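As annotated by Swiss-Prot, active site, proton acceptor applies to D8, with the evidence given as sequence analysis. As annotated by Swiss-Prot, active site, proton donor applies to D129.
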Amino acid sequence: MIIYPAIDIIDGKCVRLQQGSYSDVTVFGDSPVDMARKWESLGAGYLHVVDLDGARSGKSENAEIIKQIAKTLKIPVQTGGGIRNLETVETYLSGGLSRIILGTSAVSNREMLISALKEYKGKIAVGIDAKDGKVAIHGWEKTSDYTAVEFAKEVESLGAKTIIYTDISRDGMLKGPNLQAMKEMADSVSMDVIASGGVSRLKDIIDLKQTGVSGVIVGKAIYTGNVDLKEAILAI
């Protein structure tokens, strides 16, 4: 299982939100690039970077910073947030990113998702963000009619190899992941499931490994010190 340290960017700064709320922002650093270097130096094998401004506006607001992170680090970097067309996917991949996460666009623009999976194959991951079991879109501010598992099965049938599954109710709350939901998702599909949301201590990461997910994104817990990244990597 891979541990993905998360870097969320608003206004060029490294931040964390609580339950996806843009009105509840904590700034953890002025330089996302320096933060990325820190996680790499502590042994991270892959980095997860989100343009939160982009997720909300539908445009790549922090693209230059994100490409700078990818060019600075030796480890692979995946990114999402505001990627609504193939041109943006291409810009990020040519800028050094290893994997692109499609969230809202995967739900609302099926043609684009099909084209992206056909063109870029394993370099595309689908972000499935669930609120009360339903898929949330537009920076988590709206919900769709899909259940998370239904949508996952559909994108798998279209050729997706990786999904990032976030339980919004747990995100940024440090109250533990939704193990039942993660296990249900991992059992329902054969593609890689990366779990996100709620990790608050090392035990959560070990418990998630038992659900069958292939990776876990850790955000707030490594910023507050609740989880020691080096220790967590060694433990799994």
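Glycine is no exception: its Cβ is also placed from the backbone N, Cα and C atoms.
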Pairwise Cα distance for D8 (active site, proton acceptor)/the residue listed as 'active site, proton donor' [Å, integer]: 15
CB contacts for D129 (active site, proton donor) [other CB atoms within 10 A, all chains]: 25
Number of other Cβ atoms within 10 Å of the Cβ of the residue listed as 'active site, proton acceptor' across all protein chains: 24
